[in-house]
Amino acid sequence: MTTLQDTKKSSGNGGSAGNGGKDGRAISLSSRQWLGPVIALVLVIIVNGIISPAFFNVKVVDGHLYGSLVDIVHRGASTALVAVGMAIVIGTRGIDLSVGSVIAISGAVMAVLIRDTSLSPAIIILAALGAGILCGLWNGILVAFLDIQPIIATLILMVAGRGIAQMITDGQIVTFHGAFFEAIGSGYLVGVPWRVIIAAIVIAGLWAVMRKTALGLFVEAVGGNARASRLAGIDARGIKVLAYVISGFCSAVAGIIIAADIRGADANNAGLWLELDAILAVVVGGASLMGGRFYLGLTVIGVLIIQALGTGILLSGLPSQYTLIVKAAVVMIVLLVQAPKARQMMGNFWRRRNRNGQ
Amino acid sequence: EMIIGFSQIGSESGWRTSETASIKAEAEKRGIDLKFSDAQQKQENQIKAVRSFIAQGVDGILLAPVVETGWDQVLKEAKDAGIPVVLVDRGVAADKSLYLTKVASDFVQEGALAASWLAAKTNGVCDLVELQGTVGSSAANDRKAGFQSIVDNFPNMKILRSQSGDFTRSGGKEVMESFLKAENGGKNICAVYAHNDDMALGAVQAIKEAGLEPGKDILIVSIDGVPDIFKAMADGDTNASIELNPHLGAPAFDAIKASMDGKDVPKWIKANGPLYLPDTAAEEYKKRSGS
Amino acid sequence: MADRAQTVLSARGVGKFFPGVKALQDVDFSLNSGEIHALLGENGAGKSTLIKVITGVHPRDAGTVTLDGREIHPGHPGEAQQLGISTVFQEVNLVPTLSVAENLMLERQTRKFGLISWKKTAEDARQALKTLGLDIDINRALGSYSVAIQQLVAIARAVALDARVLILDEPTASLDADEIRTLFGIMRALKAKGLGIVFVTHFLDQVYEVTDRITVLRNGRLVGTFETAQLPQIDLINHMLGRELAEISSHRHHASDTPKDRGNRIQIKNLGKKRVLKPVSLELSGGEIVGLAGLLGSGRTELAELVFGAHRADSGLVFLDDKPVLLRSPRQAIRAGFGLCPEDRKQDGIVPELGVRENIALALQGRRGWLRPIPRADQDKFADDMIAALGIATPDREKPVGQLSGGNQQKVILARWLVSKPVFLILDEPTRGIDVGAHADIIKLIRDLCDEGLALLVASSELEEIVAFADRVAVLRDRELATELSGAEITQNNIIEAIAR
Amino acid sequence: MVNERYYPLLATLAVCALLYGYGMFEYRAFSDTYVLGNLLTDNAFLIITAIGMTFVILSGGIDLSVGSMIAFVGVLMAELVTGFGMHPLLAVLISLVFGGLFGAFMGFIIAKFDIQPFIITLAGMFFLRGMCFLINLDSVPITHDFVSAFAGFRIPLPGRGWLSASAMVMLASVLIGLVIAHYTRFGRNVYAIGGDRQSAQLLGIPVERTLIQVYTLSGVFSALAGVVFAFYTASAYPLAAVGVELDAIAAVVIGGTLLTGGMGFVAGTFFGGIIMGVIQTLIAFDGSLNSWWTKIVIGGLLFGFIVLQRLITRSFSGMRAGAS
Ligand SMILES: Nc1ncnc2c1ncn2[C@@H]1O[C@H](COP(=O)(O)OP(=O)(O)OP(=O)(O)O)[C@@H](O)[C@H]1O
Ligand SMILES: Nc1ncnc2c1ncn2[C@@H]1O[C@H](COP(=O)(O)OP(=O)(O)OP(=O)(O)O)[C@@H](O)[C@H]1O
Ligand SMILES: [Mg+2]
Ligand SMILES: [Mg+2]
């Protein structure tokens, strides 16, 4: 049963003073926002299980968790980081196409420093993160201060950034060794992959900063109506810059993880087309590209849906040429099921049927 | 001084960057003014570049075509302008009179060579998995076809699974991880055939992380001969790699020179690389990483 | 006339539900040809919703609508237009990026051989504006004009459509007396031609001036339809509110005798900007309310924006208690304790996706900075207090503001500034679209704040409002301060004289 | 004085002229009509795509499926002409109809269900690319007399250059785009919807229908671009035109169209496409940039132009203000 319509008792609509607001528990759409993505995720996972019964096997190999389910989280960690940064940018009514290039740049900085210097890992990581933050700063300034439209502003770095990364690595995959970095890529802490822990920490930290301070509100206000926010005393430009900086930072962390994973910086291919998956995840998680609202938790679920889908396709043994079609179809279905308009239509349809049935 | 235009596909892999570097170095050595254009993986950009070379009246053009078809028109224009075109590292499906020569190896043959080696190594009994290159790319198509043509002759050789790892290291690793899971933790898999070395290197890590020993529990054969694969072979992680020769500058320039001198040039200057095995790997690695 | 009248448009048993809100329930409404019919009710009563249901913006959940006796089911406003229902919706609903001419002629450009003839179209556009006596450059983007001009263009467009029924949802909200007179002239002429006109407003004297009948809605239900001539104003108000209106004290507010003691002395000295506003000097102190009067485009909004730092002034300074205030951005103004409730609530006011609570907390939070979030409990309390004090009609405090009725959006923005406790508040057309009941509440609230030492500058096109509560009135003319009136000088006639001189 | 709404267009024109002038100044061969003819020919498919994209962007949307559409139409044509022996013109017709239908389908979902165009067309992009792989994994020639005649057709220009059939199709498309944008109700409605969708709806514009038409139009234009591309290379390749959607968007934006919708010009898109082409040509003429510098320079030039355009637009406004 859909209960989209009116769940309150018919006490009028609070037209007279003092009546509204007290009864704040009326179920609004937003409180059920999580339903669609979670159902979609469960469905994809169930289908995976049907395709490949081994899918649900999780066992302990060499003292760490091992299995397809673990793989989804493991592989999804870097995409989730990028997507969460993307969600915040989208919250300000922006978009960041440069994340893939930022991943390449931070990975390249890290690999080259490891290869050519004997700096301590902490400094190398800081340098890689710094590179990502600089990239974000550049995007933010273009968008907020030069008023360049976000798609184009970040397209610039998307194109040039990969060139910069290639320049740093000389167009070769720079391989490196070192226990510390290998652990980041494929090490475990009490059976849980380090990269998952890192991603979880960063995402939880961002969630706290966004939701436990007023920053999240500011981001959403700026995305909803930048002019009005400015007039309400919010530094709209600053908030925009900050959003891109956060996105740059998240991409840099992802870049570090990705490079550590293959023990090399692949400037040519690292993070290629990842921006599309990240944006997809944000939208599958229920946010609007028109800004004004963002959901970090649902974005992560969106990432897991996409990752589970990819893993499912690989497990199914379906020839590679079908991958894109399946992906397109599933994304389409998930979006349609989630779209409020479509739900509304289905709701109407059900009500009509029930009415006729009675 | 000779002016030669070089339209390169892009810089999508370390191998291609080496090829570019090698051709540039060769040009410098010979005092050739090389006009380089990177097409960012797009045929239309390559056509633009070739036309720009024609407009500038260069003495010759090197073209590393991103795809095999669609060159007739622009090659005709070059021919009309009297500019010889040398295809490097890949061929085109155009009339042979439209270009001077092709300096390239044969992808199909590479695939066949890999399969032959594997068949010999396993006495024709092997269930293997394949890491394909980018779907639709000619290198992936041909390396797959060549390999398959040999496997078809061995009833006890079977390709269990074949997925695209997009020619990248992380792609190879991710796909291999799922193969291992789908094939009983890797116990069903006798060998991996990777369309390039980078994917093989990714697979090595996936196999290690699954608790198996690459090169022993699962044999690995790949193509390209990038420096890192020699290290891996020397360490015993992979078993064979077929080199794709990146040093195509010298034969290409020679061909242009020869045709200017009015000499005949063969239509296909084969540049196939050999199959390398672990025994020479350490030495080869030293050679390649040293230079 | 009434007996020969014939029903053109009628709605029976109309219902409309939004999640959590019964916006309309079993509403009947009928409109005769050749009449002007007022549709009245509090903010959120369902007036705009009824109009939107009739014109096909929202699908209706129950009931029938007939036009000339035939049932109609317009799927979108375009179809309603084709059927002969021409509408000016609440808020300006034109396209700011298009030129004035294009806005006027959208979907009805003159075509030759299937292609638009721009020359003819421009002529028609000019013609349409002429009926309203509006002389502006029709090739400029509509967005470059003030809200009032945009409102007039929207009316011109609706009037120019050859319609059977004309619906005007608060068309007079941002117009001044002259324009309203022109509009009424046009309405009467159309009525004489046999059109049926639906007219929504919160100005009761306008209702008595032009309408023939009145339909009152309350909480989404029909209260009744009445002959205007037979309904005393006090009864009308009771019908609308469903209670007696607390008496509005009509005598003017007086600033305390010694305003200087209160602090919060604001001095505006030679504040000006080239091509926008000639230097203006004005002083006001805590507890004082200064009205800002002037014609359309006289520069009231500009002055407000300069004082608030929304635009940077070329010349002049603003002092607070003799200390100059840096006004490079609204943020700095807000830090100094200034507030501005903007004129254009859609563009500059609401953040539509955010809820009522968040919108109300925004300015206060902006002042505190992001590091010191207002605790949720406080936010809830602020929101609930304001919802109660201003009578904001909303099912709960989390409802996205974009889904509130126009008047309630205005209340939310006002609430935003009230909770931020400014020392100097500028209100630009603060009561636009606010119903009579709330109007009184708001004026009372503002007075209370002034008694606590707030200095208030109110720009308004409603002279009564200014007369009702201003201690002094500054009159702007042609982007220049013309005169100041104070004390007994403040009468509607004096202000009109000063404006029009 | 020119209406201020045309400043971005003038700015684009100025940038284009500046860039071309630089080329002529720097390289002797650049002033040859051969280069001009090549520019028109080589960028024909991009500009045709970008015209369709202009309408989408004007309506406030975006269409990411265009690149895949180009590839798919090529593969489809190859299959029809080479596989089924169909006459190319019939195959063209089928392709255009397919493009329109596919666009209409995406538009339908975008308009009816209110789902973001970015995502729907992204799914469309995946889907069409996937369809290419299903039909054909290889690059294949399209051999037919008509195709070679089209590819070989040329009207000589003074100098060494010529106008190719592709270029003429492109110029015709620009004209058609101009007429649709500025002289039809549909065109003006697109501007209105992009300017303020809600208001447009209230003003009586059939928003849903218009949006469906916009994506249909984009589908047809990108299919036409696919046809031109297939004829231009006389071949089909499932990986063709990867990333062309971004080039098209860049061309539209460089042409002075606002991505937020409601403001922009088809003529600007034409020059935007030419600017993109001139950048490529200049880099090829220079021939000294290595792979990574090529990327960095393209990004840098993109940045430079957008900033330059801003400055020019602003100084136009300044001039006007001074005059009045
Ligand atoms: N799109 C919407 N979604 C949800 N609720 C809505 C929507 N539009 C209107 N409502 C609700 O319907 C009720 C009636 O609103 P309506 O706009 O009709 O009021 P109104 O009488 O026009 O008030 P005002 O005088 O303030 O304009 C309000 O409670 C409002 O919150
Ligand atoms: N009659 C007019 N003709 C041309 N432009 C006008 C006219 N009236 C206003 N404008 C434009 O509208 C803009 C807004 O004017 P402004 O906000 O100062 O008016 P106001 O005094 O606040 O009156 P209101 O708020 O009632 O419109 C001005 O920048 C001006 O360009
Ligand atoms: Mg209303
Ligand atoms: Mg004003």
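From the backbone N, Cα and C atoms, a Cβ is placed for every residue, glycine too.
Annotated features in TrEMBL:
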COMPBIAS  A:12-21  compositional bias 'Gly residues'
REGION    A:1-21  region 'Disordered'
TRANSMEM  A:34-56  transmembrane segment
TRANSMEM  A:72-90  transmembrane segment
TRANSMEM  A:97-114  transmembrane segment
TRANSMEM  A:120-144  transmembrane segment
TRANSMEM  A:151-168  transmembrane segment
TRANSMEM  A:188-209  transmembrane segment
TRANSMEM  A:241-260  transmembrane segment
TRANSMEM  A:272-289  transmembrane segment
TRANSMEM  A:294-315  transmembrane segment
TRANSMEM  A:321-339  transmembrane segment
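Outside the transmembrane segment (A:294-315), and at least 6 residues removed from its termini, the chain residues within Cβ reach (under 8 Å) are 33-34, 37-38, 40-41, 44-45, 47-48, 51-52, 55, 68, 71-73, 75-76, 79-80, 83-84, 86-88, 90-91, 203, 206-207, 210, 216, 219-220, 223, 277-278, 280-287, 322-323, 326-327, 330-331, 334. If one looks beyond the transmembrane segment (A:34-56) by at least 6 residues along the same chain, the residues whose Cβ comes under 8 Å of a Cβ in the stretch are 67-69, 284-286, 295, 297-298, 301-302, 304-305, 308-309, 311-312, 315-316, 330, 334, 337-338.
Proximity of the transmembrane segment (A:188-209) to the transmembrane segment (A:72-90) is established through 3 or more Cβ-Cβ distances under 8 Å for residue pairs spaced 6 or more apart. Pairs of Cβ atoms less than 8 Å apart link the transmembrane segment (A:241-260) most often to A:97-114, out of A:97-114, A:151-168, A:321-339.
With Cβ pairs under 8 Å as the measure, the transmembrane segment (A:151-168) is packed most heavily against A:97-114, out of A:97-114, A:120-144, A:272-289, A:321-339. The largest share of C-beta pairs under 8 angstroms with the transmembrane segment (A:272-289) comes from A:97-114, of the ranges A:97-114, A:120-144, A:321-339.
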